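According to Swiss-Prot, the domain 'EngB-type G' annotation covers 22-193, on the basis of sequence analysis. Summarising the annotation, Swiss-Prot assigns GTP binding site to 30-37, 57-61, 75-78, 142-145, 174-176. Marked as Mg(2+) binding site by Swiss-Prot: 37, 59.
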C-alpha cells in the first residue's frame, strides 16, 4: 500500500471511545520498546506520526490511526515494562483483552518481537492468547539491522521454536532503519483487508 494519508483518530481507554467506523482494524502488540511506533512510521512513510520514545511504557491507551481512509492501525500499550505498577499493568491488560476479544472490526494482530533476543515470557503468552482466540497473527521481528544478515535465520528459528509458531501465520524480518520487510509487512496486512 502506498500511504499518503494517515492520522491519529483517537486515544481510547474504553470501548465507548472506539471509532464507530466499520473499517478493518489491524492491532499492533509487543513489549515496551520493541519498535511499534517506528514500525507504524515506516509503514506510513512518516517520521513521527506515532511518537517514538526512549522511555518504555509510553503508550498507555489504544491509539487508533486512520490509514488512507481504508483501515485503522491500533497501537496497544506495550507489555512487560517493570516500572509500571501492578495496578496499571492489570488495567492495561484488561483494556487490551477487552479490545482483542470483543472488537468485531479487528482482522489480525501484528505481534512485534525483537529479532536479537529469544521471545520473553510475555511475548509467548501474547502469542498463545491470540492463538487461543483464533486471531490471525503476523509476527514482525524488529531491529534486524542490529544483527548481521547471516544470523537472521538462526534468530528466526529461535523465535519460532519458543512461540511454537503456527505455519499459517506470517513471519517478517523487519528494520525501520533499512526498511527491510516493509513491503512484506504490507503484503501480509493487505490479506486481511
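Cβ atoms are placed via backbone N, Cα and C, with glycine included.
Remember, predicted model here, so these are calculated numbers, not experimental data.
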Residues near residue 143 (GTP binding site) in space but at least six apart in sequence (CB under 8 A): 35, 114, 115, 116, 175
Which of 30, 77, the listed binding-site residues, has fewest other Cβ atoms within 10 Å: 77
Conformational class of residue 30 (GTP binding site) under the three-state DSSP mapping: strand
Cβ neighbours of residue 33 (GTP binding site) where a neighbour is any other Cβ within 10 Å: 20
Cβ contacts of residue 174 (GTP binding site) (under 8 Å, same chain, 6 or more positions away): 39, 42, 115, 140, 141, 142, 144, 180, 181, 182, 184, 185
Lowest local Cβ density among 36, 37, 61, which the record lists as binding-site residues, within 10 Å: 61
